[in-house]
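Heads up, the thing below is written out as structure tokens.
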Amino acid sequence: MSTVLSTTGSGPHAKKLIITHEGEHHGDYSDISLKVTRATVIFTLCAALNSCNLGYDIGVSTNAGSLIQRDLGLTDIQRELFVGSLNFWSIFGSLFSHWICDVYGRRKSFQVAALAFIIGLIIMACANGFAVLMLGRFFVGLGVGFGLAIDPLYIAEVSPAAHRGELVTWSEMAINVGIVLGFFSGIVFYNVNDNLEWRLMFAMGCILPVVMIILSRTVMVESPRWLVSKGQEEQAKEILRKVYPEGFDVNPVAQDIKEALERERIAEQQIGWNVILFPTRAIKRMLIVGVGTAVAQQAVGIDAIQYYLIDVLDESGITSEKAQLGVLMLLGILKLFFIVVGSKLLDRRGRRPLLFVSLVGMCGACILTSFSFFGKNKNKSTFAIVGLSLYLSFFSVGMGPGAWLIPSEVFATSIRAKAMSIATFFNRITATLMASTFLSTANAIGWGPFFIMLASISVVVLVFVCCMLPETKGRSLEDMSLYFAELTGDDSILEAERKVINDRERAGGVEMTPTPQEALSSTGEAA
């Protein structure tokens with residue numbers, strides 16, 4: 001019977017894993033590329049549609065923010081509160097998402113998110129004052145929080161490891177599709193008077209959540225990993241057979257899921273129930289990487305810039321409403337195009353290289369944009385358009401899709417839902433601070449220095465990525481805990497793995513394919 005651990009050297013951290021590898025399961029060492037099945041594409045598209053709701057709100061709020069301010073007589077601070085409150089209320093949605101995900105499953109979580117969107121959008125469309133407007137924002141925020149935590153998690157759990165990078169980024173693509181649709185709504189209702197225009201724009205947003213509820217009840221399947229955690233292993237295998245190509249043996253994949261849950265349960269018992277509050281070295285590294293990446297996505301200022309694109313264009317000298325709408329559509333389509341490019345490259349080039357390119361490019365783009373606000377530059381608007389185009393393009397290549405892909409894949413199975421909600425929580429906290437202070441900060445220190453500040457933040461995030469983020473391309477979700485255990489020398493995870501192996505051997509479990517290292521070792525022993 002082959003093993004998955006070898007011991008070299010001496011001391012408590014001498015154990016080294018030889019099983020952490022790229023592959024669909026522990027015994028998979030082949031280089032054969034799996035094709036994405038039709039069912040996987042359908043499930044991913046359905047989940048990604050939920051992300052369109054968030055994107056649509058960003059796009060609509062960019063257009064409608066100034067219309068609402070004029071129509072309801074809001075102050076700049078009230079407008080900032082209106083924009084930033086979405087991210088604030090989404091914090092509570094993210095906090096409750098893990099409980100609903102773990103107890104009721106992923107499908108019902110999508111329905112809860114969609115229902116919250118519908119309620120919130122209807123209230124906002126009917127609002128005649130700031131208080132009612134903020135009440136609608138509360139429900140939309142809950143839906144956003146649920147969606148941000150659920151979408152990448154679900155896609156990661158129904159995707160083969162070989163294609164997970166590209167498929168999870170469909171969620172980010174969908175956000176940008178929603179943004180473009182939100183920008184387009186401003187063109188559709190351009191000739192309608194201000195009082196009715198922004199209301200129709202919000203009301204139109206109810207279409208996607210209704211479709212989402214129908215799809216979650218009729219088309220989508222439950223996550224196989226959630227089913228295994230509830231003891232429904234046969235149902236999980238049925239779904240895995242849809243996810244993987246015909247003829248692929250899903251039994252080792254299901255066994256990996258089951259063993260990963262058991263391994264993490266054993267490790268959790270060693271330190272009590274507070275596995276996240278008092279994590280082992282491996283879990284702590286997972287949390288730093290996953291939560292840190294989610295925070296970094298908003299720290300670079302993406303949501304704040306998108307919400308206030310009209311103001312940035314106005315300050316740079318582009319004051320025509322038609323010209324502003326044209327630039328918004330151009331930026332939205334450009335951002336969507338590079339999201340597609342990034343999704344293709346994440347599985348081919350890896351996570352780290354794409355994030356490096358993204359952050360360096362964003363830094364340069366912010367510096368270029370700042371030139372449009374210094375002195376009496378005749379090309380102010382050109383610098384602004386080119387700078388913003390480069391910023392959104394470089395963000396979309398790496399930080400956009402990567403910031404949700406990485407948390408969805410690095411967290412251990414037993415803590416994935418909870419950890420994703422924590423990552424979403426801090427992502428939304430950061431987004432709230434950035435969006436709620438954008439106008440005030442830019443007006444206080446100047447628009448030029450403000451973009452220089454964003455460039456500096458990109459440099460800080462680049463250092464974080466260089467120091468903390470390991471390459472996770474192609475690794476199965478169940479292999480992550482072992483991978484991080486090896487990186488950190490976490491004995492609790494390693495001992496849990498040893499116990500799982502021993503229990504399987506005593507029970508006469510499935511023999512695993514020897515690794516290349518094991519084959520060499522056994523050859524040497526035979527000699």
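Using the three backbone atoms N, Cα and C, a Cβ is placed for every residue, glycine included.
A quick note: this is a predicted structure, and the numbers were derived from the prediction, not measured.
Lifted from TrEMBL, the feature list:
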- 43-473: domain 'Major facilitator superfamily (MFS) profile' (DOMAIN)
- 81-100: transmembrane segment (TRANSMEM)
- 112-132: transmembrane segment (TRANSMEM)
- 138-155: transmembrane segment (TRANSMEM)
- 167-192: transmembrane segment (TRANSMEM)
- 198-215: transmembrane segment (TRANSMEM)
- 287-310: transmembrane segment (TRANSMEM)
- 322-342: transmembrane segment (TRANSMEM)
- 354-375: transmembrane segment (TRANSMEM)
- 381-405: transmembrane segment (TRANSMEM)
- 425-445: transmembrane segment (TRANSMEM)
- 451-470: transmembrane segment (TRANSMEM)
- 505-527: region 'Disordered' (REGION)
- 514-527: compositional bias 'Polar residues' (COMPBIAS)
**Prompt:** Do at least three CB pairs under 8 A connect the transmembrane segment (81-100) and the transmembrane segment (138-155), leaving out pairs fewer than 6 apart in sequence?
**Reply:** yes
**Message:** Using a Cβ cut-off under 8 Å, which residues of the same chain at least 6 positions beyond either end of the transmembrane segment (112-132) come close to it?
**Reply:** 50, 53, 72, 74, 78, 82, 93, 100, 138-143, 146-147, 150, 199-200, 202-203, 205-206, 208-210, 212-213, 216
**Same-chain residues near the transmembrane segment (198-215), Cβ under 8 Å, at least 6 residues beyond its ends** = 46, 49-50, 52-53, 56-57, 60, 63-64, 67-68, 71, 110-111, 113-115, 117-118, 121-122, 124-126, 136, 143, 178, 182, 185-186, 188-189, 192
**Asked** Top stretch among 287-310, 322-342, 381-405, 425-445, 451-470 for CB pairs under 8 A with the transmembrane segment (81-100)?
**Response** 425-445
**Complete:** For the transmembrane segment (425-445), the candidate among 287-310, 354-375, 451-470 having the most Cβ pairs under 8 Å is 287-310
**Request:** Could you tell me what the rest of the chain brings near the transmembrane segment (354-375), counting residues at least six beyond its ends with Cβ under 8 Å?
**Result:** 300, 312, 315-317, 342, 345-346, 381-384, 386-388, 390-391, 393-395, 397-400, 402, 446-452, 454-455, 458-459, 461-462, 465-466, 469
**Request:** Sort out the residues at least 6 away from either end of the transmembrane segment (451-470), same chain, that have Cβ-Cβ distances under 8 Å to it, and list them.
**Result:** 285, 288-289, 292-293, 296, 299-301, 351-352, 355-356, 359-360, 362-364, 366-367, 369-370, 373, 387, 399, 406, 445, 483-484, 487
